[in-house]
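Q: Supplied in structure tokens, the structure appears directly below.
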Amino acid sequence: MLNIKWIRENQELFDEKLSQRFIEPMSSKIAMLDREKRKITSLIQEFQHARKVKSKILGNMVSKSGEEFEELQRDVNHINEKLEELEQTLDNNNELNELLNMLPNIPDEEVPYGIDESMNKLVRSYGNTNKNALNKQHFELGTKLNLMDFEQTAKISGSRFVTLKGDLAKLERALINFMVDIHTKEFDFFEISPPLLVRDSAMYNAGQLPKFSEESFITTNGYRLIPTAEVSLVNIVADTIIQREKLPMRYVAYTTCFRSEAGSSGRDTRGMIRLHQFGKVELVSITTPEESKNEHEYITNASETILKKLDLPYRVMLLCTGDMGFAAKKTYDIEVWLPGQNQYREIASCSNCGDFQARRMKARYKEFGSNETTLVHTLNASGLPIGRTIVAILENYQNNDGSITIPDVLINYMGGLKKITTYSE
């Protein structure tokens, strides 16, 4: 959620930043609603003070009868009625909060202006995209190996699901262990095994609700299936005050994730690129406003390191204002090279959310010996999605005979296996 005080004091700049996100100016409407809310709040405080004064006088009166006592009692009753009326008005006047809840984060000054992904800015690239001239797509390779099943899986679950078998299932498990090991041992992330079912309040805190309600699955008793472990991880610090010396707090988790893919009809209908259910290693950092810029580079480097160790060609793109996620103030997308598609595809998103999520979930920190609190900054990164990493390995490590060479760094995780070949049932 955005800072209403900042909006109040920077109305022109606020509208300018909204325009970069292709949203109409809203400062005038927000300022009007804010004035109304503050006026009601001020009246409530005045009546509460008057009630306190009169109630104290009533309590100190020797005689609990007589005209003066009864008049004061009537005054207190009248104040209570007015307070109830004003508090009800305040509760019913949700327009300001509803408006603020639908507004995305303000872009950082370093974020380039742009309409869509075509205007993102190249930051750096790694690896040789021409090292393998073979160009079969992952679903062709996986199906031919008899280790990737879409047809039978569709009978079980419908479209956008896959079953991995044999050595591809083993590769999935190897990648999970490899990624978590790198993040915990080399980058000092603390491993978490979080819940996959969360309340709406947790989704709201992470910026998933109310705007993206249709993009998640909801159970019959009202729980949401997490679209990313970011939801569970950032909420670890919800409604807490953290001692400054404990920051940064870095978390890593592998979870299954679930997305309805609403609005993705017709996109990536074949293969493993866009599934309803997929595994992902997620990184989350909690830090101070002063350190969040450096932490953004740190968490992005952690994601890049996985691709470097796997020797997969990739590039890092700074997203423009029109392509950033809702809660992010600045985002790097890491795109891996896929020979089968002859293009780069997103494999990781690394975002600095500033205090946007922290304001929603009341996550703060304070210096030792101080009572003053400050909102933390939250950051997240994919580190990485397992399915898309398998896609990249299949396409970049394919051989003429249809077999797949195991990247050197994964051989021990695969029990010494160096090549994936056709499985015969």
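From the backbone N, Cα and C atoms, a Cβ is placed for every residue, glycine too.
Pulled these features from Swiss-Prot for this protein:
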type: BINDING; residues: THR228, ALA229, GLU230, GLU282, SER382; note: L-serine binding site
type: BINDING; residues: ARG259, SER260, GLU261, GLU346, ILE347, ALA348, SER349; note: ATP binding site
Q: I need the neighbours of the L-serine site defined by THR228, ALA229, GLU230, GLU282, SER382. Which other residues of that chain put their C-beta within 8 angstroms of the C-beta centroid, in sequence order?
A: VAL231, LEU233, ALA253, THR255, CYS257, LYS280, VAL281, LEU283, VAL284, ASN380, ALA381
Q: By CA-CA distance, flag whichever of THR228, ALA229, GLU230, GLU282, SER382 among the binding-site residues is nearest to SER260 (ATP binding site).
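A: Considering only the listed binding-site residues, the nearest one is THR228.
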Q: Take the Cβ of GLU282 (L-serine binding site) and count every other Cβ within 10 Å, whichever protein chain it belongs to.
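A: Other Cβ atoms found within 10 Å: 27.
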Q: Which one of the binding-site residues (SER260, SER382) has its C-beta surrounded by the most other C-beta atoms within 10 angstroms?
A: SER382
Q: When the Cα of ILE347 (ATP binding site) is compared with the Cα of each of the binding-site residues THR228, ALA229, GLU230, SER382, which one is closest?
A: SER382
Q: Roughly how many Å lie between the Cα atoms of ARG259 (ATP binding site) and THR228 (L-serine binding site), rounded to a whole value?
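A: A Cα-Cα distance of 9 Å.
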Q: Would you count the other C-beta atoms found within 10 angstroms of the C-beta of ILE347 (ATP binding site) for me?
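A: A 10 Å sphere around the Cβ of ILE347 (ATP binding site) contains 25 other Cβ atoms.
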Q: Based on the record's binding annotation for ATP (ARG259, SER260, GLU261, GLU346, ILE347, ALA348, SER349), what whole-number value in Å is the widest Cα to Cα distance?
A: 19
Q: Taking the Cβ of ALA348 (ATP binding site) as the centre, count every other Cβ atom within 10 Å, in any protein chain shown.
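A: Step by step: centre on the Cβ of ALA348 (ATP binding site), count other Cβ atoms within 10 Å, giving 27.
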Q: Using the residues the record lists for L-serine (THR228, ALA229, GLU230, GLU282, SER382), what whole-number Å value is the largest Cα to Cα distance?
A: 9
Q: Long-range same-chain neighbours of GLU230 (L-serine binding site), Cβ under 8 Å, sequence gap at least 6?
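A: Non-local contacts for GLU230 (L-serine binding site): ALA206, GLU282, VAL284, ASN380.
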Q: Please report the distance from the Cα of GLU346 (ATP binding site) to the Cα of SER382 (L-serine binding site), rounded to the nearest angstrom.
A: 10
